[in-house]
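J.: Below: one structure in C-alpha cells.
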Amino acid sequence: MKVLTTALLLVTLQCSHALSPTNCDASEPLAEKVLDLINKGRRSGYVFELLRVSDAHLDRAGTATVYYLALDVIESDCWVLSTKAQDDCLPSRWQSEIVIGQCKVIATRYSNESQDLSVNGYNCTTSSVSSALRNTKDSPVLLDFFEDSELYRKQARKALDKYKTDNGDFASFRVERAERVIRARGGERTNYYVEFSMRNCSTQHFPRSPLVFGFCRALLSYSIETSDLETPDSIDINCEVFNIEDHKDTSDMKPHWGHERPLCDKHLCKLSGSRDHHHTHKTDKLGCPPPPEGKDNSDRPRLQEGALPQLPPGYPPHSGANRTHRPSYNHSCNEHPCHGHRPHGHHPHSHHPPGHHSHGHHPHGHHPHSHHSHGHHPPGHHPHGHHPHGHHPHGHHPHGHHPHGHDFLDYGPCDPPSNSQELKGQYHRGYGPPHGHSRKRGPGKGLFPFHHQQIGYVYRLPPLNIGEVLTLPEANFPSFSLPNCNRSLQPEIQPFPQTASRSCPGKFESEFPQISKFFGYTPPK
C-alpha cells in the first residue's frame with residue numbers, strides 16, 4: 001500500500017509544475033495574440049484592445065508552455081464581427097462609450113510559432129467609465145450610458161423597421177441584440193444612440209446566403225419634454241452587412257479552440273443608409289467595394305459644445321484587412337498539436353425572472369433601470385470569490401449581468417426563439433438557458449443554446465463612478481488536463497496564481513491615461 005501511495009505521489013508531482021512569474025511587458029506580444037484569439041471567438045460585443053498586461057505567470061513542460069495572464073482591456077468601437085479598422089468603426093460626431101475590463105486567461109503554446117497558440121479558457125468583467133469621465137456640472141450635454149441595452153430592443157426594432165421600409169431586401173431581418181445605448185440630453189432635444197446587431201431569418205427574402213447578419217447604428221431623436229419613447233420625432237439609421245461564407249481564412253494566425261469545427265469567415269458588404277424626417281434618403285444596393293487607401297479620420301469634425309451630435313449622411317467605407325472570427329477546431333494529433341478540452345458543466349445560466357434579483361444589491365448602487373434579470377452562477381465561472389490581486393474592490397460581488405452566450409449559428413435561417421416575442425426581455429444579452437435546459441438545440445429545448453464548446457465569458461457590470469474601481473473577474477478556473485497525444489510531458493492546468501508577479505503590472509498604454517485609476521492600482525512610472 002505504501003508503495004502504491006508513493007508511486008501515486010510521484011506521478012502527481014511529475015504532472016504538477018510550480019508556476020513561474022514572468023515579466024508583464026515582455027509578455028505583451030503574446031498577450032496581443034491571445035486577445036486576438038479571444039476576439040475572433042466571440043460573437044457579440046465589441047473588440048477588446050490591450051491596455052496592459054497586469055499579471056503574467058507561466059508553466060513549462062517539454063515543448064509546451066501554459067500562460068496565466070491577467071489582461072487590462074478597453075472596448076473599441078468595432079463590433080466583434082466587423083472587418084473595419086478601429087479608426088473607421090465609429091462615424092464622425094457619433095457618441096462613443098469608454099468601457100474598460102479585465103480578462104483572466106489561460107493559454108497554451110507548444111512552440112514559438114503563433115499557429116500553435118490556443119486559448120484554454122477566459123473570464124472577463126467590463127464596466128463603463130464614460131459617465132464618471134464626461135459628465136460634470138458644467139456639461140452642456142448630459143450623457144447616460146445604459147448597462148442593460150436589451151431594455152431598448154423596442155427602439156432597435158423601430159429603427160430596423162424604418163430601415164426595412166427603405167431597403168426591401170432586408171424584410172426578413174430581425175434584431176438580434178441591442179449592444180449599446182447612450183442617451184444625450186441637452187438643449188431642446190433628447191437623443192438615443194442605439195447600436196444593435198441583426199440577422200437574416202429567411203432564405204426566401206434575401207439574395208444571398210442565409211448566414212447573413214449585420215450591425216446597425218440608429219439615432220432616435222425626441223423633443224426634450226417627451227416621455228413617450230414609442231414615437232421619436234426622427235430616426236436616422238445606417239447598417240453594415242456581413243456574410244460569414246463569403247471568404248475563408250485569410251489570417252496568418254489560425255485560432256485553435258480545442259475541438260473540430262468548420263472554419264468560417266465573413267466579409268463586410270457595402271453599407272446601406274437610411275434616413276428620414278427631412279433628410280435625403282440614401283439607399284445603396286448590396287455589393288462589396290474595394291477598401292479605400294490611406295483612410296484618415298483627422299478631418300472628423302469635433303462636437304460643438306452644447307450641440308447634440310447628429311448622424312452623418314454615410315459611414316466610412318470598408319477598410320482594413322479581412323479578419324477571421326470563426327475559430328477552427330481539430331482533434332487530430334497528426335497535423336496540429338492537440339488543445340485542451342474545456343471542462344463540462346461550468347456554465348453560468350439565467351435563473352431568475354425579470355424584476356427579481358438573485359442577490360441583494362449591486363456594487364455600484366442602483367441600476368439605471370429598475371428591472372433586470374440576474375444570474376445564478378456556479379462556482380468557478382462567475383466573478384465572485386477571492387481575487388489574485390487582493391480583496392474585492394467594493395466589498396460586494398458583481399451581480400447583475402451574465403456572460404454572452406448564444407451564437408449566430410445556433411439558429412436556423414428563420415428560427416427566432418420560440419414562445420417569445422423578441423425574447424420579451426427574459427434573457428439579456430445572450431445569456432444561456434435556465435438551469436435544467438439542454439445546451440443542445442432540439443424541439444422544446446432551451447431558448448438560448450450555448451455553443452457546445454464555449455470556453456469564455458464576458459460579464460457586463462454596472463457603470464463605475466468616480467472613486468470606484470473595476471471588479472475583477474473570478475480566476476478559479478476548474479482544473480483540467482491537456483490531451484496526451486503521445487507527448488512525453490504534458491503540463492497540468494494549475495489553479496490561477498493568487499499572487500502577482502513582481503515584474504507586473506506592465507506599462508499602461510492608452511490614449512486615456514485617466515482611466516488607469518479605475519483599475520485599482522497605480523501603473524508603473
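Along the chain as shown, residues are numbered 1 onward.
Cβ atoms here come from the backbone N, Cα and C positions, even for glycine.
Copied straight from Swiss-Prot:
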type	residues	note
COMPBIAS	339-404	compositional bias 'Basic residues'
DISULFID	Cys24-Cys504	disulfide bond
DISULFID	Cys78-Cys89	disulfide bond
DISULFID	Cys103-Cys124	disulfide bond
DISULFID	Cys201-Cys414	disulfide bond
DISULFID	Cys216-Cys239	disulfide bond
DOMAIN	19-122	domain 'Cystatin 1'
DOMAIN	135-240	domain 'Cystatin 2'
CARBOHYD	Asn112	N-linked glycosylation site
CARBOHYD	Asn123	N-linked glycosylation site
CARBOHYD	Asn200	N-linked glycosylation site
CARBOHYD	Asn322	N-linked glycosylation site
CARBOHYD	Asn330	N-linked glycosylation site
MOD_RES	Ser438	phosphoserine
REGION	41-84	region 'Interaction with ATP5F1A'
J.: Using C-alpha positions only, work out which of the recorded positions Cys89, Cys124, Asn200, Cys201, Cys239 is nearest to Cys24 (disulfide bond).
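T.: Given the candidates Cys89, Cys124, Asn200, Cys201, Cys239, the nearest one is Cys124.
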J.: Using C-alpha positions only, work out which of the disulfide-bonded residues Cys78, Cys103, Cys201 is nearest to Cys504 (disulfide bond).
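T.: Of all the candidates listed, Cys103 is nearest in space.
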J.: With DSSP as the yardstick, break the domain 'Cystatin 1' (19-122) down into helix, strand and coil residue counts.
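T.: The breakdown for the domain 'Cystatin 1' (19-122) reads 21 helix, 51 strand, 32 coil.
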J.: How many of the residues that make up the domain 'Cystatin 2' (135-240) does DSSP mark as helix, as strand and as coil?
T.: 21 helix, 49 strand, 36 coil
J.: Work through the disulfide-bonded residues one by one (Cys78, Cys89, Cys103, Cys216) and name whichever has its CA nearest to the CA of Asn200 (N-linked glycosylation site).
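T.: Smallest Cα separation from Asn200 (N-linked glycosylation site) among Cys78, Cys89, Cys103, Cys216: Cys216.
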J.: If I restrict to non-local contacts, at least six residues apart, and a C-beta distance under 8 angstroms, what lies near Cys216 (disulfide bond) in its own chain?
T.: Ala156, Ala159, Leu160, Tyr163, Glu195, Phe196, Ser197, Met198, Ile237, Asn238, Cys239, Glu240
J.: Might you list, by sequence position, any residue in that chain lying six or more from Cys78 (disulfide bond) with a Cβ less than 8 Å away from its Cβ?
T.: Tyr46, Val47, Lys84, Gln86, Cys89
J.: Take the C-alpha atoms of Cys103 (disulfide bond) and Asn123 (N-linked glycosylation site) and report the distance between them in angstrom, rounded.
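T.: Between the alpha carbons of Cys103 (disulfide bond) and Asn123 (N-linked glycosylation site) there are 5 Å.
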J.: Within the domain 'Cystatin 1' (19-122) only, compute the mean pLDDT.
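T.: That stretch averages a pLDDT of 88.
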J.: What is the Cβ neighbour count of Cys89 (disulfide bond) at a 10 Å cut-off, with all protein chains included?
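T.: Result for Cys89 (disulfide bond): 23 neighbouring Cβ atoms inside 10 Å.
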J.: At a 10 Å cut-off from the C-beta of Cys103 (disulfide bond), count the other C-beta atoms across all protein chains.
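T.: For Cys103 (disulfide bond), the 10 Å Cβ neighbour count is 26.
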J.: Give the distance between the Cα atoms of Cys124 (disulfide bond) and Cys201 (disulfide bond), rounded to the nearest whole Å.
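T.: About 31 Å separate the Cα atoms of these two residues.
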J.: Please work out which residue of Cys201, Cys239 has the most C-beta neighbours within 10 angstroms of its C-beta, and give that one of the disulfide-bonded residues.
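T.: Ranked by Cβ atoms within 10 Å, first place goes to Cys239.
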J.: Just counting, how many other CB atoms are there within 10 A of the CB of Asn123 (N-linked glycosylation site)?
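T.: I get 26 for this one.
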J.: What is the number of other Cβ atoms found within 10 Å of the Cβ of Asn200 (N-linked glycosylation site)?
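T.: 25, counting other Cβ atoms within 10 Å of Asn200 (N-linked glycosylation site).
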J.: Using the alpha carbons only, what distance in Å do you get between Asn123 (N-linked glycosylation site) and Cys201 (disulfide bond) once rounded?
T.: 31
